[in-house]
């Protein structure tokens, strides 16, 4: 059995050895809750990695959002390259839940766009938990939402061993039950193809390798893993397990039992609605439910099958839904990163979901059992959680009350860096002042973070900076998951110099290149400008030797005062430690990696992303267009217009937009010649 083993050139230093020892002693003595209070840049992730290695238990790390989950995933994959580090976040790029608005009599159908890459990673995560112990799962709060029942999921697996006697048609029937589709032309994830006595299966949880099962008559003669692109066989296997396409795959007998219970509930609910003279609602509910029952009986699933999860998983009314936590072994370890944000999120999910579903039930769109398709309640989360370590630079009241004195403090950084210096400046000239500060840092190849209060302000500030020759982009909740990771990677690579955000430029973002954090409208009290938010945002500059923070405000609020005082307290302690140990502060150098496998760094031709509206720039000076004569410009514009029309006809709109931007640039050049 493989052990969790760190591969790193670093050794614990500063406050890290003390924190590691304290956390390990707490876990081994049976403490249910502990807190690691570590300042930004003090190496909290490395401390936790050491704790995980020493304990050697399956571990789940919860992050407050997808951006931080992706960063944690990248760091843990670096620390544990030989172990199973998996990623489990919501697989929706876009999600509109079904809802009913009684005031306008509007029903909104469920609409969603699933990211296949993330869906594959989710399936890979549960597979790793079921098959091995050297597992670290990096998850978002998506982990508390209902997932397929692990017992049903295990029963659905298809086990194939060399030498088994099995009919080819039986294998194909089982693959259909696992919701795999036959496709002899386009071989993709969760499909299979048949060529004579050879069955090729592309597992749903695999991102690269497919399976080949070769039969001789009715005996399985050979099982191999191969590259579906080249056809090259990687290795032969004695046995293999094929996992279902979805976590909601359910054995036929369970579906039949569930359908019987759904019919009983439908009959009871229909009578209730009739008795209350709600005939429209009764007719609507009967029609929708009967359709779902037919689909489940014939195909084994239906659209919105999760709304019948109470019956499919055999739970009692009001029982906690099966979640990712049910796949985690009993001796697992839970790490809640940036706990001051993550814990409140866990508590908030249930109530928002409940209010929407109550309308659907009341107006006949769903059976009352649909209320049990929900995220866990906070008390259910607490009951199922294994031993927990909360990680935060600014723990909230909840963590402090839960842990009491069981808090490991990590204030001194291994690099000797101090917290950033803080300066308060007036709001009136904040944008122009920020522009001048940015221009000071450009020659030094340093980056700048600016935080605003609204999305509109972030976009307007980005446009303003761009108009003044600054390469800037914005990052907020409208930017999709994978693109956020790409934006942060491009920022660190120097493809642009200023990143403008609202609430995403806070916890955990690890960008050592940032030397200035500018907080606009810092004197506007609220959750975006609370002392915790300010400390977290200021901390983004704590990994740079020249780190500074500018708070723009006409007055010093209570939150600003607390943030400034806490930062100063830490600076004094850090400075004293450096003096006592003769340490010279050193800037952090961190390799830039493509954690999600979504892009290439040297891709000078890569397309500008949507968040970069009306913007087109390249960092590579050699890649810039040479100056052309007027006739050359005319010829070039005609060529680009043809390309643009071609891309548009092929529905390649991003490429067409890139051509449009090049044409606009040439027209400007044309006017200036």
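Indices start at 1 and increase along the chain as displayed.
A Cβ is built for glycine as well, from the same backbone N, Cα and C atoms used for every other residue.
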Stated Swiss-Prot location of motif 'Beta-hairpin', expressed as one of 91-114, 115-138, 139-162, 163-186: 91-114
Where residue 38 (ATP binding site) sits in the secondary structure, as DSSP reduces it to three classes: strand
Extra residues within 8 Å (Cβ to Cβ centroid of 38, 39, 40, 41, 42, 43, 44, 45), ATP: 47, 393, 410, 413
Intrachain neighbours beyond the motif 'Beta-hairpin' (91-114), with Cβ under 8 angstroms and 6 or more residues off its ends: 122, 303-304, 356, 359-360, 363, 365, 480-481
Among 38, 41, 43, the most crowded of the binding-site residues [Cβ within 10 Å]: 38
Residue 45 (ATP binding site) in three-state DSSP notation: helix
Tally of residues which DSSP labels helix, strand or coil - the domain 'UVR' (634-669): 33 helix, 0 strand, 3 coil
